[in-house]
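Presented below is the structure to which this report refers.
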Amino acid sequence: MLVLGGGVAGCVLAARLSEDPARTVCLVEAGPDHGTDPDAWPRSLRDAHALPRDHMWERGVAVHRLRARVLGGSSCVNGCWHTWGSDADHEEWTRAGGPRWSAAAMAPYRERAVAAMRLRPVPGREFSVWARAALAGARELGYQDVDMGVPGAPGCGTPLLNALDGLRWNAAFGYLGPARSRANLTVLGDTTADRLVLDGGRVVGAEVVADGRRETLTADTYVLACGTFGSPGLLLRSGIGPADELRGAGVRAEVDLPGVGANLSDQPGVFVPRAPAPDLDVALAAQEEEGELYVSRMLIRAASTCCPADGWDLHILPSAGDPLFGSLPPGRYEAGIAAFLMKPASRGRVRLRSADPAEPLDIDPGFLGDPDGHDVAVLREGLEIAERLAATSALAPLAGAASAVPPSELTDAGLRARLGTYWHPVGTCAMGPAADPLAVTDGEGRVHGVANLRVADASVLPSVPAANTQLPVLAAAELLADALKEAAS
Ligand SMILES: Cc1cc2nc3c(=O)[nH]c(=O)nc-3n(C[C@H](O)[C@H](O)[C@H](O)COP(=O)(O)OP(=O)(O)OC[C@H]3O[C@@H](n4cnc5c(N)ncnc54)[C@H](O)[C@@H]3O)c2cc1C
């Protein structure tokens, strides 16, 4: 079995599929494999205090394009936060993929992922003055404490973390670590999958490039796990996608699948800066001195007036520390509250610019593009909640307004200019029944119209969960690995 893409999902698949010694598994990753010894990994990828900017596919690009290129994928560069979505997410996924995707059926997969990734609650020492006050402020606004690691209700609380003592524990450690010594598992780093070769409705090979040399790898089953941007890119380069669009890019259409690259769904957000009081800077500096300053450690799951009962469609995320972008003089920090749109109606798209794999993909996140204005309206409500949180008796003494215009009163253009992302793209190889013209895969990851090809990463989720996506993607990959094992047995 050939697994293309060694990120979060790819590591799960390679580990689970190679549990059976009778099955030979080869994992192909474009980025480097830094090996089995966590201490030998680059410090930037292990340090959980910050988001590294090395080991990325592209440099100096719009933030929504960021994605890791290294064995372990984006688990090596991300914020280490884990939360779970609402029952409504599972209803959406079950409609598309069948009963395997219900909350109850996915619970064991979530638990496996929690164990493998060593997820743990936030230790008390990692709370900054700002995070502690934000938790008190949330309670002041009436939010109840909730467990963020399971489906449930709106409320406030803390995420689970894949970091211990300041060090990130990524999917290559969590999943491949115990599997690497198996004789039936091969891991190829620095090897880029260029295209699949098709013949008679089957994949007969995968052309990969390593050290400038091209070769064709063959297997009985091909599983794509190149992520929400990489997997549709690979399908499109292989001639699997919207036939007219492929012709425009100079690629011969092999299988007309209009949904490939469509339905891109990510969670945009706006950060509302506050002006830290001197006491806050002093407290944050003291915590940094102890090595325990983390930018965010709590969140609110909030419901806008557009949200169905019992769910939530916003994350309200207070943060304080070194700025994510740029820098401040020593002893000065950035503090504020972000509002993220968790269930966007807008959809973007991934397209090929040309057949040349070296040409960057055309990625349009489609943020706030829905014609009904749902997303702008919900985001504005999120900003109002952020303002109310900042004004609570717990938070107000720590920081004042940074601008005369409240963010919820920004013009639409002002809002768009300040838009960031939570980095949770999904949906570009969405699962759904074969009768759905935009479905790319079925509920077990099989690509419609190609016999021995599956996709098993974030791209198969037809809608983004009301959560950070790493834990849902880990659980989805566990589920899809089980589906593959059952089909093979
Ligand atoms: C900056 C950032 C911060 C984030 N923070 C969080 C967070 O705090 N919490 C959270 O839950 N989620 C977070 N996420 C999202 C989370 O990391 C993703 O949801 C998750 O990694 C998706 O897993 P995946 O396997 O689909 O893709 P990835 O983990 O991105 O893996 C895809 C892999 O495929 C490889 N690949 C791509 N194309 C090819 C090719 N042609 N040939 C060979 N290999 C290829 C890539 O190099 C990569 O290793 C963050 C993401 C980013 C980018």
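Any Cβ shown, glycine's included, is placed from N, Cα and C.
The structure displayed is predicted, hence computed values, not measured ones.
Record features (TrEMBL):
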- VAL70, TRP423, HIS424: FAD binding site (BINDING)
- TYR422: substrate binding site (BINDING)
- 227-241: domain 'Glucose-methanol-choline oxidoreductase N-terminal' (DOMAIN)
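Recorded features from TrEMBL, shown on the structure.
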residue: VAL70; record: FAD binding site; Cβ contacts under 8 Å, 6 or more apart: GLU29, GLY31, PRO32, HIS34, LEU45, HIS55, CYS76, VAL77
residue: TYR422; record: substrate binding site; Cβ contacts under 8 Å, 6 or more apart: ASP266, GLN267, PRO268, GLY269, HIS315, PHE340, ASN468
residue: TRP423; record: FAD binding site; Cβ contacts under 8 Å, 6 or more apart: VAL63, HIS64, LEU66, SER74, ASN78, ASP266
residue: HIS424; record: FAD binding site; Cβ contacts under 8 Å, 6 or more apart: ASP266, GLN267, VAL464, ASN468, THR469
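The list of residues near the domain 'Glucose-methanol-choline oxidoreductase N-terminal' (227-241) in space but at least 6 beyond its ends in sequence, with Cβ under 8 angstroms from a Cβ of it, reads 4-5, 7, 9, 30, 57, 65, 67, 73-74, 193-198, 249, 251-258, 260-261, 264, 350-352, 355, 357, 361, 363, 425-429, 440, 447, 449-450, 455, 457-459. Each residue in the domain 'Glucose-methanol-choline oxidoreductase N-terminal' (227-241) has a pLDDT score, and their mean in this model is 98. Looking at the residues that bind FAD per the record, VAL70, TRP423, HIS424, the two CA atoms farthest apart are separated by 18 Å.
Note on the domain 'Glucose-methanol-choline oxidoreductase N-terminal' (227-241): DSSP counts are 11 helix, 2 strand, 2 coil.
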